[in-house]
Amino acid sequence: MCISPKGQQSESNTAGDRAGSWNGIRFTGTPRLNPNPEFLYRFELNKDEVYYEVDSQSSLMSRLCLNQSGFIQRLVWSTQLKVWIPVYDAPEDQCEIYSFCGAHAACKTNSSSSVCVCLDGFEPKSPEEWRMSNWSKGCVRMTELNCEKGDEFRNYTELKLPDTSNSTFNTSMSLQECREKCLKDCSCTAYANSNISQEGSGCLLWFGNLTDMTLYDQGGQNFYIRMAAIRIEKDISDDGNAIVKKRVGIIVGSVIFMAILLVLEWIGEVAYKLELPPTFRLHPVFHVIMLKKRVGNPSLISSDLPAFDTEGNLLIRPITALRYHNWKKGRGMTKVWQVLVQWQGVPTEEATWEDYDEMVERFPDFSLEDKGILEERGNVETVRKSKRIVERRSRP
(Lines of atoms letter the chains of each structure in order from A and count residues from 1; the text may use other names and numbers.)
(Lines give C-alpha, C1' and ligand atoms only; values in the text may rest on other atoms or scores of the structure.)
Protein backbone atom coordinates (compact mmCIF):
# COMPACT_ATOMS: atom_id res chain seq x y z
CA MET A 1 0.00 0.00 0.00
CA CYS A 2 1.41 3.44 -0.92
CA ILE A 3 0.44 7.07 -1.48
CA SER A 4 1.91 8.85 -4.52
CA PRO A 5 2.97 12.53 -4.68
CA LYS A 6 -0.22 13.18 -6.70
CA GLY A 7 -2.33 12.34 -3.67
CA GLN A 8 -3.14 8.98 -5.19
CA GLN A 9 -3.62 5.97 -2.93
CA SER A 10 -2.87 2.61 -4.51
CA GLU A 11 -2.46 -1.07 -3.78
CA SER A 12 -0.30 -3.36 -5.92
CA ASN A 13 0.12 -0.50 -8.42
CA THR A 14 -3.67 -0.31 -8.89
CA ALA A 15 -5.09 3.11 -8.04
CA GLY A 16 -7.80 3.08 -5.39
CA ASP A 17 -8.46 6.71 -4.49
CA ARG A 18 -7.09 10.04 -5.75
CA ALA A 19 -7.32 13.30 -3.81
CA GLY A 20 -6.49 15.30 -6.92
CA SER A 21 -3.87 17.92 -7.69
CA TRP A 22 -3.11 20.78 -5.29
CA ASN A 23 -4.69 24.08 -6.45
CA GLY A 24 -3.22 26.48 -3.90
CA ILE A 25 -6.12 26.07 -1.45
CA ARG A 26 -6.90 22.36 -1.31
CA PHE A 27 -6.64 19.17 -3.31
CA THR A 28 -9.21 19.37 -6.12
CA GLY A 29 -10.85 16.13 -4.96
CA THR A 30 -11.37 17.33 -1.38
CA PRO A 31 -13.90 20.20 -1.46
CA ARG A 32 -14.41 19.83 2.30
CA LEU A 33 -10.75 20.63 2.98
CA ASN A 34 -11.14 24.38 3.57
CA PRO A 35 -8.81 26.66 5.55
CA ASN A 36 -9.83 26.80 9.20
CA PRO A 37 -8.47 28.27 12.45
CA GLU A 38 -7.42 24.85 13.75
CA PHE A 39 -5.30 23.55 10.87
CA LEU A 40 -3.00 25.15 8.30
CA TYR A 41 -2.55 23.08 5.13
CA ARG A 42 0.56 23.46 2.98
CA PHE A 43 1.78 21.71 -0.16
CA GLU A 44 5.36 22.16 -1.35
CA LEU A 45 6.65 21.24 -4.80
CA ASN A 46 10.16 22.10 -5.99
CA LYS A 47 13.03 20.47 -7.86
CA ASP A 48 14.26 18.74 -4.72
CA GLU A 49 11.15 17.54 -2.95
CA VAL A 50 7.38 17.23 -2.84
CA TYR A 51 5.53 17.18 0.46
CA TYR A 52 2.23 18.03 2.11
CA GLU A 53 1.92 19.05 5.74
CA VAL A 54 -0.77 20.01 8.22
CA ASP A 55 0.17 22.37 11.05
CA SER A 56 -2.03 22.56 14.13
CA GLN A 57 -2.67 26.14 15.24
CA SER A 58 -3.56 25.06 18.76
CA SER A 59 -2.79 22.34 21.26
CA LEU A 60 -5.20 20.06 19.40
CA MET A 61 -3.60 16.71 18.52
CA SER A 62 -4.33 15.16 15.14
CA ARG A 63 -3.19 12.14 13.16
CA LEU A 64 -3.68 10.83 9.62
CA CYS A 65 -4.06 7.07 9.27
CA LEU A 66 -4.22 4.60 6.40
CA ASN A 67 -5.92 1.41 7.55
CA GLN A 68 -5.75 -2.12 6.18
CA SER A 69 -8.95 -1.59 4.16
CA GLY A 70 -7.34 1.19 2.17
CA PHE A 71 -9.23 4.05 3.86
CA ILE A 72 -7.52 7.28 4.85
CA GLN A 73 -8.80 8.79 8.07
CA ARG A 74 -7.93 11.95 9.98
CA LEU A 75 -8.64 11.88 13.71
CA VAL A 76 -8.38 14.45 16.50
CA TRP A 77 -7.88 13.72 20.18
CA SER A 78 -10.69 14.63 22.58
CA THR A 79 -9.24 15.55 25.97
CA GLN A 80 -12.69 15.30 27.55
CA LEU A 81 -13.71 11.91 26.17
CA LYS A 82 -10.15 10.54 26.01
CA VAL A 83 -10.76 9.09 22.53
CA TRP A 84 -9.73 9.76 18.93
CA ILE A 85 -12.62 11.30 16.96
CA PRO A 86 -12.72 10.90 13.12
CA VAL A 87 -13.11 14.20 11.26
CA TYR A 88 -12.33 13.11 7.70
CA ASP A 89 -12.60 9.84 5.75
CA ALA A 90 -11.61 8.90 2.21
CA PRO A 91 -12.98 7.48 0.07
CA GLU A 92 -16.30 8.83 1.34
CA ASP A 93 -18.47 7.43 -1.47
CA GLN A 94 -18.19 5.67 -4.82
CA CYS A 95 -17.38 8.97 -6.56
CA GLU A 96 -14.03 8.89 -4.76
CA ILE A 97 -13.14 5.48 -6.22
CA TYR A 98 -10.51 6.06 -8.87
CA SER A 99 -11.94 6.46 -12.41
CA PHE A 100 -15.33 5.12 -11.29
CA CYS A 101 -17.05 6.61 -14.37
CA GLY A 102 -14.29 6.01 -16.92
CA ALA A 103 -12.92 8.57 -19.37
CA HIS A 104 -14.64 11.87 -20.24
CA ALA A 105 -17.37 11.34 -17.65
CA ALA A 106 -18.00 12.88 -14.25
CA CYS A 107 -19.34 11.31 -11.09
CA LYS A 108 -22.18 13.35 -9.56
CA THR A 109 -22.21 13.66 -5.79
CA ASN A 110 -25.62 13.66 -4.06
CA SER A 111 -27.30 12.47 -7.26
CA SER A 112 -30.79 10.95 -7.06
CA SER A 113 -30.61 9.60 -10.63
CA SER A 114 -27.59 8.43 -12.62
CA VAL A 115 -24.30 8.53 -10.72
CA CYS A 116 -22.17 9.07 -13.83
CA VAL A 117 -22.80 11.55 -16.64
CA CYS A 118 -20.96 12.11 -19.90
CA LEU A 119 -19.54 15.60 -20.23
CA ASP A 120 -21.25 17.85 -22.79
CA GLY A 121 -20.09 16.90 -26.28
CA PHE A 122 -19.47 13.26 -25.27
CA GLU A 123 -21.64 10.13 -25.35
CA PRO A 124 -21.41 6.67 -23.71
CA LYS A 125 -18.85 4.38 -25.34
CA SER A 126 -21.14 1.43 -24.65
CA PRO A 127 -24.75 2.70 -24.45
CA GLU A 128 -26.11 -0.71 -23.47
CA GLU A 129 -23.72 -1.15 -20.54
CA TRP A 130 -24.26 2.50 -19.56
CA ARG A 131 -27.99 1.86 -19.24
CA MET A 132 -27.16 -1.12 -17.01
CA SER A 133 -25.24 1.25 -14.67
CA ASN A 134 -21.87 -0.10 -15.78
CA TRP A 135 -20.02 3.15 -16.40
CA SER A 136 -16.44 1.87 -16.38
CA LYS A 137 -15.93 2.25 -20.15
CA GLY A 138 -16.68 5.95 -19.94
CA CYS A 139 -17.60 8.23 -22.83
CA VAL A 140 -16.25 9.19 -26.26
CA ARG A 141 -16.42 12.38 -28.32
CA MET A 142 -19.48 13.01 -30.47
CA THR A 143 -17.29 14.98 -32.87
CA GLU A 144 -13.58 14.24 -33.25
CA LEU A 145 -11.05 17.02 -32.89
CA ASN A 146 -9.76 18.67 -36.07
CA CYS A 147 -6.73 20.75 -35.24
CA GLU A 148 -6.30 22.02 -38.81
CA LYS A 149 -9.86 23.38 -39.07
CA GLY A 150 -9.76 24.91 -35.63
CA ASP A 151 -10.76 23.82 -32.16
CA GLU A 152 -12.26 25.70 -29.23
CA PHE A 153 -12.56 25.11 -25.49
CA ARG A 154 -15.62 24.49 -23.37
CA ASN A 155 -15.60 25.61 -19.75
CA TYR A 156 -16.78 23.17 -17.09
CA THR A 157 -17.29 24.40 -13.54
CA GLU A 158 -17.20 22.83 -10.06
CA LEU A 159 -15.10 19.86 -11.21
CA LYS A 160 -12.48 17.73 -9.58
CA LEU A 161 -9.65 18.03 -12.10
CA PRO A 162 -8.78 14.78 -13.94
CA ASP A 163 -5.80 12.55 -13.30
CA THR A 164 -2.55 14.44 -13.94
CA SER A 165 -0.52 11.37 -14.98
CA ASN A 166 -0.38 12.74 -18.54
CA SER A 167 0.00 16.43 -17.82
CA THR A 168 2.55 19.23 -17.55
CA PHE A 169 2.51 22.42 -15.52
CA ASN A 170 4.01 25.90 -15.49
CA THR A 171 3.60 28.06 -12.39
CA SER A 172 4.41 31.39 -14.10
CA MET A 173 1.85 31.39 -16.95
CA SER A 174 -1.51 33.16 -16.92
CA LEU A 175 -4.76 31.42 -17.84
CA GLN A 176 -4.84 33.12 -21.26
CA GLU A 177 -1.26 32.06 -21.99
CA CYS A 178 -2.20 28.56 -20.89
CA ARG A 179 -5.09 28.52 -23.37
CA GLU A 180 -2.92 29.70 -26.25
CA LYS A 181 -0.23 27.11 -25.50
CA CYS A 182 -2.80 24.30 -25.44
CA LEU A 183 -4.44 25.52 -28.65
CA LYS A 184 -1.11 25.46 -30.51
CA ASP A 185 -0.43 21.85 -29.47
CA CYS A 186 -2.82 19.48 -31.25
CA SER A 187 -2.16 16.76 -28.66
CA CYS A 188 -3.30 19.00 -25.77
CA THR A 189 -6.83 18.07 -24.70
CA ALA A 190 -7.53 20.42 -21.75
CA TYR A 191 -6.12 23.14 -19.51
CA ALA A 192 -6.77 24.85 -16.16
CA ASN A 193 -5.17 27.13 -13.59
CA SER A 194 -2.73 25.25 -11.40
CA ASN A 195 -3.38 27.72 -8.56
CA ILE A 196 -6.83 29.23 -7.88
CA SER A 197 -5.90 31.29 -4.84
CA GLN A 198 -6.42 35.06 -5.20
CA GLU A 199 -7.07 35.75 -8.93
CA GLY A 200 -5.62 32.46 -10.15
CA SER A 201 -2.27 31.67 -11.75
CA GLY A 202 -0.20 28.91 -13.28
CA CYS A 203 -1.00 26.45 -16.03
CA LEU A 204 -1.88 22.76 -16.13
CA LEU A 205 -2.03 21.05 -19.54
CA TRP A 206 -3.54 17.59 -20.16
CA PHE A 207 -2.74 15.18 -23.00
CA GLY A 208 -4.82 12.12 -23.91
CA ASN A 209 -7.96 10.86 -22.14
CA LEU A 210 -9.42 12.70 -19.15
CA THR A 211 -10.26 10.37 -16.27
CA ASP A 212 -11.35 10.42 -12.62
CA MET A 213 -13.51 13.56 -12.57
CA THR A 214 -16.22 14.47 -10.06
CA LEU A 215 -18.92 17.11 -10.37
CA TYR A 216 -19.57 18.95 -7.10
CA ASP A 217 -22.35 21.28 -6.00
CA GLN A 218 -19.61 23.64 -4.84
CA GLY A 219 -15.89 23.53 -4.11
CA GLY A 220 -14.81 22.36 -7.57
CA GLN A 221 -12.71 24.18 -10.15
CA ASN A 222 -13.02 25.67 -13.64
CA PHE A 223 -11.73 23.31 -16.31
CA TYR A 224 -11.41 23.90 -20.07
CA ILE A 225 -11.73 20.92 -22.45
CA ARG A 226 -10.75 21.05 -26.11
CA MET A 227 -13.69 20.58 -28.48
CA ALA A 228 -14.11 20.67 -32.25
CA ALA A 229 -15.30 24.15 -33.25
CA ILE A 230 -18.18 22.66 -35.25
CA ARG A 231 -19.34 20.80 -32.10
CA ILE A 232 -19.54 24.00 -30.06
CA GLU A 233 -21.36 25.80 -32.90
CA LYS A 234 -23.89 22.95 -33.11
CA ASP A 235 -24.49 22.99 -29.35
CA ILE A 236 -25.03 26.77 -29.42
CA SER A 237 -27.45 26.34 -32.34
CA ASP A 238 -29.33 23.56 -30.51
CA ASP A 239 -29.62 25.73 -27.40
CA GLY A 240 -30.94 28.63 -29.48
CA ASN A 241 -33.48 26.42 -31.26
CA ALA A 242 -34.65 25.05 -27.92
CA ILE A 243 -35.30 28.58 -26.65
CA VAL A 244 -37.16 29.52 -29.85
CA LYS A 245 -39.26 26.34 -29.69
CA LYS A 246 -40.14 27.04 -26.08
CA ARG A 247 -41.26 30.59 -26.89
CA VAL A 248 -43.27 29.44 -29.92
CA GLY A 249 -44.93 26.76 -27.77
CA ILE A 250 -45.98 29.33 -25.19
CA ILE A 251 -47.40 31.66 -27.85
CA VAL A 252 -49.27 28.88 -29.68
CA GLY A 253 -50.65 27.53 -26.40
CA SER A 254 -51.90 30.98 -25.45
CA VAL A 255 -53.58 31.48 -28.84
CA ILE A 256 -55.31 28.08 -28.63
CA PHE A 257 -56.47 28.80 -25.08
CA MET A 258 -57.90 32.18 -26.12
CA ALA A 259 -59.61 30.63 -29.14
CA ILE A 260 -61.47 28.17 -26.90
CA LEU A 261 -62.93 30.94 -24.74
CA LEU A 262 -65.52 33.46 -25.92
CA VAL A 263 -64.61 37.12 -25.42
CA LEU A 264 -67.74 38.80 -24.03
CA GLU A 265 -66.47 42.35 -23.70
CA TRP A 266 -63.29 44.31 -24.41
CA ILE A 267 -62.12 46.74 -21.73
CA GLY A 268 -59.32 48.77 -23.26
CA GLU A 269 -56.64 47.34 -25.57
CA VAL A 270 -55.39 44.42 -23.50
CA ALA A 271 -58.17 43.73 -20.99
CA TYR A 272 -61.30 41.73 -21.71
CA LYS A 273 -64.11 39.81 -20.09
CA LEU A 274 -64.30 36.10 -20.94
CA GLU A 275 -67.09 33.56 -20.81
CA LEU A 276 -65.52 30.83 -18.68
CA PRO A 277 -66.77 27.23 -18.46
CA PRO A 278 -68.74 26.43 -15.27
CA THR A 279 -65.99 24.07 -14.08
CA PHE A 280 -63.19 26.59 -14.64
CA ARG A 281 -61.19 26.86 -11.38
CA LEU A 282 -60.03 30.47 -11.15
CA HIS A 283 -60.49 33.22 -8.60
CA PRO A 284 -62.64 36.10 -9.89
CA VAL A 285 -60.49 38.63 -11.78
CA PHE A 286 -61.07 42.23 -12.79
CA HIS A 287 -59.31 45.09 -14.54
CA VAL A 288 -57.22 47.43 -12.44
CA ILE A 289 -59.29 50.45 -13.49
CA MET A 290 -62.22 48.96 -11.55
CA LEU A 291 -60.34 49.33 -8.25
CA LYS A 292 -61.41 52.12 -5.94
CA LYS A 293 -59.84 53.44 -2.78
CA ARG A 294 -61.37 51.77 0.25
CA VAL A 295 -63.07 54.05 2.76
CA GLY A 296 -63.29 52.65 6.26
CA ASN A 297 -61.22 50.97 8.92
CA PRO A 298 -58.14 49.27 7.33
CA SER A 299 -57.89 46.90 10.31
CA LEU A 300 -61.07 45.21 9.13
CA ILE A 301 -59.38 44.08 5.93
CA SER A 302 -58.32 40.44 6.13
CA SER A 303 -55.26 39.18 4.27
CA ASP A 304 -56.33 35.54 4.64
CA LEU A 305 -57.41 33.80 1.43
CA PRO A 306 -60.91 32.30 1.49
CA ALA A 307 -61.31 28.52 1.54
CA PHE A 308 -63.10 26.52 -1.18
CA ASP A 309 -64.64 23.06 -1.16
CA THR A 310 -63.90 20.32 -3.70
CA GLU A 311 -66.59 21.72 -6.00
CA GLY A 312 -65.04 25.17 -6.04
CA ASN A 313 -67.68 26.75 -3.79
CA LEU A 314 -66.64 29.38 -1.29
CA LEU A 315 -66.40 28.08 2.28
CA ILE A 316 -67.31 30.67 4.87
CA ARG A 317 -68.26 30.03 8.48
CA PRO A 318 -70.32 31.99 11.02
CA ILE A 319 -68.56 33.26 14.13
CA THR A 320 -71.22 35.26 16.00
CA ALA A 321 -75.01 35.62 16.15
CA LEU A 322 -75.64 39.36 16.61
CA ARG A 323 -79.45 39.68 16.63
CA TYR A 324 -82.65 37.69 16.18
CA HIS A 325 -86.03 38.68 14.81
CA ASN A 326 -89.34 37.13 13.84
CA TRP A 327 -89.96 37.64 10.18
CA LYS A 328 -92.92 37.02 7.85
CA LYS A 329 -91.80 35.13 4.78
CA GLY A 330 -93.35 33.80 1.59
CA ARG A 331 -96.79 34.24 0.08
CA GLY A 332 -98.43 32.84 3.17
CA MET A 333 -96.50 35.34 5.30
CA THR A 334 -95.30 32.51 7.52
CA LYS A 335 -93.44 33.70 10.58
CA VAL A 336 -89.88 32.43 10.77
CA TRP A 337 -87.03 33.25 13.10
CA GLN A 338 -84.00 34.83 11.50
CA VAL A 339 -80.56 35.47 12.92
CA LEU A 340 -78.12 38.27 12.05
CA VAL A 341 -74.84 36.41 11.40
CA GLN A 342 -71.33 37.80 11.40
CA TRP A 343 -69.16 35.70 9.09
CA GLN A 344 -65.51 34.79 9.45
CA GLY A 345 -63.23 37.28 7.70
CA VAL A 346 -66.12 39.65 6.96
CA PRO A 347 -66.56 43.06 8.69
CA THR A 348 -69.38 43.36 11.22
CA GLU A 349 -71.25 45.90 9.10
CA GLU A 350 -71.57 43.26 6.36
CA ALA A 351 -73.39 40.74 8.59
CA THR A 352 -76.42 39.08 6.95
CA TRP A 353 -79.86 37.90 8.08
CA GLU A 354 -80.29 34.14 7.72
CA ASP A 355 -83.17 31.75 8.49
CA TYR A 356 -82.57 30.17 11.88
CA ASP A 357 -83.59 26.64 10.79
CA GLU A 358 -81.35 26.79 7.72
CA MET A 359 -78.39 27.88 9.84
CA VAL A 360 -78.92 24.95 12.21
CA GLU A 361 -78.99 22.56 9.25
CA ARG A 362 -75.97 24.07 7.46
CA PHE A 363 -73.79 24.54 10.54
CA PRO A 364 -74.81 21.98 13.18
CA ASP A 365 -71.62 22.62 15.17
CA PHE A 366 -72.33 26.33 15.45
CA SER A 367 -74.26 26.92 18.67
CA LEU A 368 -77.05 29.47 18.22
CA GLU A 369 -79.06 28.83 21.38
CA ASP A 370 -76.46 30.33 23.71
CA LYS A 371 -76.59 33.58 21.76
CA GLY A 372 -80.20 34.33 22.57
CA ILE A 373 -83.50 32.72 23.55
CA LEU A 374 -86.29 32.65 21.02
CA GLU A 375 -89.61 33.26 22.66
CA GLU A 376 -93.03 34.30 21.51
CA ARG A 377 -93.00 37.38 23.76
CA GLY A 378 -91.33 39.60 21.15
CA ASN A 379 -90.13 39.61 17.62
CA VAL A 380 -86.63 41.22 17.94
CA GLU A 381 -83.74 40.35 20.24
CA THR A 382 -80.23 41.82 20.47
CA VAL A 383 -77.35 39.81 21.90
CA ARG A 384 -74.33 41.53 23.48
CA LYS A 385 -71.96 39.18 25.32
CA SER A 386 -73.72 37.95 28.48
CA LYS A 387 -76.20 40.82 28.72
CA ARG A 388 -79.36 40.46 26.73
CA ILE A 389 -81.42 43.45 25.60
CA VAL A 390 -84.87 42.67 24.25
CA GLU A 391 -86.50 45.18 21.93
CA ARG A 392 -90.24 44.90 21.88
CA ARG A 393 -92.80 46.22 19.50
CA SER A 394 -96.48 46.27 20.35
CA ARG A 395 -98.49 43.78 18.44
CA PRO A 396 -101.02 45.20 16.01
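Glycine residues also receive a Cβ, built from the backbone N, Cα and C atoms like all the rest.
In TrEMBL, annotation is done automatically, which means it is predicted and not curated.
When the ranges 1-22, 155-176, 375-396 are checked against TrEMBL, the one recorded as region 'Disordered' is 1-22. With a cut-off of 8 Å between Cβ atoms, the residues of this chain six or more beyond the domain 'EGF-like' (91-128) that come close are 8, 15-18, 29, 71, 134-143, 154, 156, 159, 163, 209-217, 225, 227, 231-232, 235.
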